[in-house]
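**Student:** Questions regarding the structure given below will be posed in turn.
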Amino acid sequence: MASTESILQGVLVLGHVSEAYRKILTPDALAFLALLQRSFNPTRKALLERRKLRQAELDKGALPDFLPETRHIRENATWKGAPPAPGLVDRRVEITGPTDRKMVVNALNAEVWTYMADFEDSSAPTWDNMVNGQVNLYDAVRRQVDFKQGPKEYKLRTDRTLPTLIVRPRGWHLEEKHVTVDGEPMSGSLFDFGLYFYHNAFEAVKHGFGPYFYLPKLESHLEARLWNDVFNLAQDTIGMSRGTIRGTVLIETILAAFEMDEIIYELRDHSSGLNCGRWDYIFSVIKKFRQNSAFVLPDRSCVTMTVPFMDAYVKLLIQTCHKRGVHAMGGMAAQIPIKDNAAANDKAMEGVRADKLREARAGHDGTWVAHPALASIATDVFNKHMPTPNQLFVRREDVVIGPNDLLNMNVPGEVTEAGIRKNLNIGLGYMEAWVRGVGCVPINYLMEDAATAEVSRSQLWQWVRHSVTTAEGKRVDKAYALRLLKEQVAELSKAAPKGNKFQLAAQYFATQVTGEDYADFLTSLLYNEITSAGNPSPASKL
């Protein structure tokens, strides 16, 4: 094998490298990143081009269907995914959140079974957020993450086994512009995965779990195949047995819903199941069919988990996972406690309970919460309705889902001015926080992340594009959308502290709500606002 120094030729680090970062950005780790980038970035870019071609077909009116060329995979009942790995047999309640040190300690101290440490939708990918997150996870795996903040101490509990750590890297579409390999920005996915895996894979196994990942934003089984190839090369390179890595795929795009069997098949030795990424899934439906008037949806509050296309997606996911012996994870409860209004808090928590009850009864093997206070509600529901570690035996053979079920947009409800203003507030509120480097933000007692901001801006674009009429009788056009945007910006700016970035957020948001330009992702649109590339440092000199 080539020497580290020769591999690092052409690798530059453009972000500031503090003393704390040096334990993560070591020459050997950067050489590992370069190996991944050179091996897989061409395929990644080709798959992103394939997404564009698929979008062009949908824009012309094509509709997705189950793939005829992979029917033999779907119809072969004999193959299975990997059996649940250590620390992943029981996943009844998973907490998710960014990788800042306080969140890491609080999540690992929560009464949950796993913690998904998120470099994706709940993190704004500033250089400091991404590398500090790696430092924090490095320390967390080694149980050395305790720290003091002012008078307060944050310490990992010692009275119980800590939740299993699962890491979510960024999606295939995102880049890490602070590291370049041969003149090209590093893949954000490979950067996040590679640094965590290289430093922590063997250490995690020592602590009774393994290098486990959540894989976001996949649109096809070929993108799952790429992850599987990455896993194999990574394990081979450090001398780890294949199959030690496990990946749970978030089914959060409508196209992936048509390839769930195939996605598990591609990852089968590394598969730990699928997850219902509900908000991104709604975003994907609007995004992919944004030119098709048959897919116009009413106010976001009307698009619940019980409407036909969401219900079909959940049923098919559970059936598919359990047929293949892997977990079918439920979705996010984004509520946070309402401390100053007991009645409103009770109502919100009752909504959480009902949602988790629906998931447990449907056959899910676990669920997500965004706040530790919700863990007890989810735990109570799953303990009562799932006394076993999982429900892999619930086969859901009663379910028959076809393409028309997954594409059934019969969603009762209307578009209202209140719904438009709510979408504007969520989109602006999230984007303003994001350009300040904050990736999840509480708005109206919900923890909003990139997914809900995407739903908000995509609905606004869709309503203008198709000239919907509100319940109040107003036609939604460009002028109306921009007028309401201006009003909401003024209202939010007035209430926010000095130095806020609502005007900057509004400049970007205004390009996305007129039914004209449509960015592939808000995070890609905004990314240059939070990059801080400085003088390049050759990786070999770090």
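The chain as shown is numbered from 1 upward.
Note: Cβ is positioned from N, Cα and C throughout, glycine not excepted.
The following feature annotations were taken from TrEMBL:
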ACT_SITE  ARG168  active site, proton acceptor
ACT_SITE  ASP449  active site, proton donor
DOMAIN    11-72  domain 'Malate synthase N-terminal'
DOMAIN    164-408  domain 'Malate synthase TIM barrel'
DOMAIN    415-530  domain 'Malate synthase C-terminal'
**Student:** Give me the long-range Cβ neighbours of the residue listed as 'active site, proton acceptor': same chain, 6+ apart, Cβ under 8 Å, in sequence order.
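**Tutor:** The list for the residue listed as 'active site, proton acceptor' reads THR96, MET116, ALA117, ASP118, PHE119, GLU120, PHE213, TYR214, LEU215, PRO216, given in order along the sequence.
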**Student:** Measure the Cβ-based neighbour count of ASP449 (active site, proton donor), defined as the other Cβ atoms within 10 Å of its Cβ.
**Tutor:** 27
**Student:** What is the number of residues in the domain 'Malate synthase C-terminal' (415-530) that are helix, strand and coil, as DSSP sees it?
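**Tutor:** The counts are 70 helix, 8 strand, 38 coil.
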